[in-house]
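Enquirer: This is the feature table in TrEMBL:
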type: TRANSMEM; residues: 58-76; note: transmembrane segment
type: TRANSMEM; residues: 88-108; note: transmembrane segment
type: TRANSMEM; residues: 151-171; note: transmembrane segment
type: TRANSMEM; residues: 192-213; note: transmembrane segment
type: TRANSMEM; residues: 219-238; note: transmembrane segment
type: TRANSMEM; residues: 250-266; note: transmembrane segment
type: TRANSMEM; residues: 278-295; note: transmembrane segment
Amino acid sequence: AAVDIQPACLGLYCGRTVLSVNGSVETYGDCGVCPRGQRTDDNKICRECVGSPDRYDWLYLGFMAMLPLVLHWFFIEWYSGKKSSSALLQHLTALLECSAAAVVTLLLSDPAGSLHIRSCRVKKLSDWYTMLYNPSPDYITTVHCTHEAVYPLYTIVFIYYAFCLVLMMLLRPLLVKKIACGLGRSDRFKSIYAALYFFPILTVLQAVGGGLLYYAFPYIILVLSLVTLAVYMSASEVEFFKDLLVRKKRLVVLFSHWLLHAYGIISISKLDKLEQDLPLLALVPAPALFYLLTAKYTEPSRILSETGNGH
């Protein structure tokens, strides 16, 4: 198609929309913001996003989808107490809420009614922060060209969080009210109250740091999973393999951390070269095994006793 590049279109993300197409000749509008679902090409023309998210994009969306679920499970476990028999059902309900929210979000995304979504390719970090690149040609008037250059990776997370919150408010209070035995009236809804706090925090985190999370989430997963695993095993006083086998709950927590380790490794390697990347998954149990093998040598009481005997 013939491209008219005579009038300058300033700004990194400003572009001209295609008004009409007559054969190989295109007519363009004024330089400005691209419509939703489009981004500029190399010639500053707004083109529709027709690609599909690659593997790394899906892994990023999976990470953002896991955040509320993991927080739900954490606060349910934190407030359920040892005497409550409702924790498992609340865990399953939280999983149902987040899964249903993810499916509904994908079905409503373009193309509607399909689990596939069309997207624009992420080229660099600035694609996430187009509002910072509005040009001022005369240093007085600002041309606003803010649009979702990473469509729909930015806004689809907000839609998902909204559905998670709505489904939680519809399902969880009824469930907790009926089955939360062993908890006081003031305690049984604390996990729901916690969600009302962390959902706004997650929304602000995505709004401000979405681009940074996109590039850093694999390393965040690895670091957090390692730290939380060490803290949990230390707080639970897990020292030997038999301690894990005695209580199945500890084994579930261990396998959950292993899944997070594997997710982080896969996100970093992207599994581009299977023969090189798959062996890295053998490192998943390494931190837990190292902790179990060395815990008896680093027990504080033993160190203090040996230090006292030395003096």
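Glycine is no exception: its Cβ is also placed from the backbone N, Cα and C atoms.
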Enquirer: Going through 151-171, 192-213, 219-238, 250-266, 278-295 one by one, which has the most CB pairs that fall under 8 Å from the transmembrane segment (58-76)?
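Expert: Highest pair count goes to 192-213.
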Enquirer: Of the listed stretches (192-213, 219-238, 250-266), which one yields the highest count of Cβ-Cβ distances below 8 Å with the transmembrane segment (151-171)?
Expert: 192-213
